[in-house]
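Since the structure comes first, as structure tokens, the remarks are kept for the end.
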Amino acid sequence: MESSSDEDTENTSSHPVSLKKELTLFSTVSLVIGRIIGSGIFITPSRVLLYSGSFGLALILWTAGGFLSIGGGLCYVELGNMIRNSGAEYAYLKEAYTFKRKKPASVVCGNLLSFLFSWTHVFFIMPSSNAVIVLACGRYFMQAVAGGETPPDVSVKLCALAAITFITLINVYSLRYTAIFVNITAVAKVLALLFVTSLGIRQLAKGDHNNNFTSSFEGTSTCVGEIVLACYSVTFSYDGWNGIGYTVEENKNSKRNLLLGVLIGVPCVTVCYLSVNIAYFAGLSKSELLSSPATALTLAQSTLGDAGLVIIPLMVAISTIGSATAGVFSGSRIAFTTARDGNLMNVFGLIHNKFQTPIVAVIIQGVITAFLLMIAGSIGRLIDGLTILGAINSTLVFVGLLIMRITRREEHRPFKVWFVIPILMALTFAFLAVVPIFLVSNERIYLLAPLMLLISGIPIYFLLVWRRWRPKILNKVTRKLDRVFILLLDSSLPFVDMSNETASNEMVLFTAGHDQ
């Protein structure tokens, strides 16, 4: 079977509206750094310490997270150069689990897994992740405005709402400006982390530091479930290395830039994360770390006084806005690719005629993020829910890579990762997905809830996508909505011929993009 990515390229190349190739090596590295460094390093160190129990184990977990991200990124470089599709995991799952002989079971399996990935990412994982990030931005900024006091939740959420509105607008307006903004904030993020690191070095140089390094492993947790929950916070903080796969169709030289993006971007982040954690441990006691909702701000206040209440919040705000901008970029590309492939409403595939961006996919990412941040409760539990779904998806992707080593062994690969790496990655993420459900009873309900969302996508797929069941009233409403969006937003559907009445009728809810 020919890859769907080839078919997609064929369909879109005949249409004047398509995604622009704007991303350079620097932009690719910046997107990797921008997607990884967000709110995590500023809010999760206390959770990592809480569940790991000691500074020594916490640092080991942060180091392991870096190696895990490099391994995962290298696997995605191989996949991205094989399957040249900006949908990343969506495209990888479909290709890996749909075999050449096109047996019905394999077609269903590939389409179903790719749909479930999009179902969870478009409507929960990406918006929730972005909500956590902009909430952290709002908390740091408003805490500075409040003079270090805990700000009201309403003010934090309004600040976060303003941030996501700006992020949505810039993603709609221009890929070039989005890339420039992410580039600038990526540099600002590294500078922010270096500044926090300098505070720790200052404390160490003065000799005025806590004795956290003399008894590094005191209090280390022996509960496997708790250690895995610590890994969840580390994994969340490193989340974004997979963003390399979303840049393929808009990258000027993906064969070179994807690999260098991982090999430059991820180690840079890892070094920064380790340095920042050492700074936290040097400047704050264990009790201060565990009680702090904004770790970097607490460190700055304790070392710089009132000046720290201004400098750090501004740096964190820039860092988190950049990360959320890259997050909306990635989430919208998942939705766009899924719609183009017929597994999501066609309206998600609209490209603005002037801006050449997937305008509706971007706007819907912004709207869902805004909704989630307004109703958000515990950020920690939201992180756990995101991570367990991400671990399941990652496991399937790495297993899929191993499958394609067998089913598509003759296919040219510009880059081929050592086969041991995807095996280790699959085993690690499977372990992270399964263990907490059985060993952490007090968090079980918060881990199972996202799994119910995943399972709920199965009947939706078979009813609306596979069986293509659509009531007539829904046909009429969605057809009119599609046309309204096309006219109102000055956009086009590059994969649907609107001059053809049959095609335009097929555009009602989902395109007939799946194989039967």
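Note that Cβ sites are derived from N, Cα and C of the backbone, with glycine treated the same way.
Going by TrEMBL, these are the annotated features:
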- 23-43: transmembrane segment (TRANSMEM)
- 55-79: transmembrane segment (TRANSMEM)
- 154-174: transmembrane segment (TRANSMEM)
- 180-201: transmembrane segment (TRANSMEM)
- 258-282: transmembrane segment (TRANSMEM)
- 310-336: transmembrane segment (TRANSMEM)
- 357-379: transmembrane segment (TRANSMEM)
- 385-405: transmembrane segment (TRANSMEM)
- 417-439: transmembrane segment (TRANSMEM)
- 445-466: transmembrane segment (TRANSMEM)
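When Cβ distances are compared across the two stretches, the transmembrane segment (55-79) makes no contact with the transmembrane segment (180-201), since fewer than 3 pairs at least 6 residues apart fall below 8 angstroms.
Sequence-distant residue pairs (6 or more apart) of the transmembrane segment (310-336) and the transmembrane segment (154-174) include at least 3 whose Cβ atoms are under 8 Å, placing the two stretches in contact. Here the transmembrane segment (23-43) does not lie next to the transmembrane segment (417-439) in space: the count of CB pairs under 8 Å, restricted to residues six or more apart, is fewer than 3.
Under 8 Å from some Cβ of the transmembrane segment (180-201) lie the Cβ atoms of residues 26-27, 29-31, 33-34, 37, 41, 170, 209, 268, 272-273, 275-276, 278-283, 296, 299-300, 303-304, 311-312, 315-316, 318-319, 321-323, 325-326, 329, all in the same chain and six or more residues away from its ends. Away from its own ends, the transmembrane segment (357-379) comes close to residues 19, 43, 122-123, 126-128, 130-132, 134-136, 157, 160-161, 164-165, 167-168, 171-175, 324, 328, 331-333, 335-336, 339, 347-351, 485, 489, 491 of its chain (Cβ-Cβ under 8 Å, at least six residues beyond either end).
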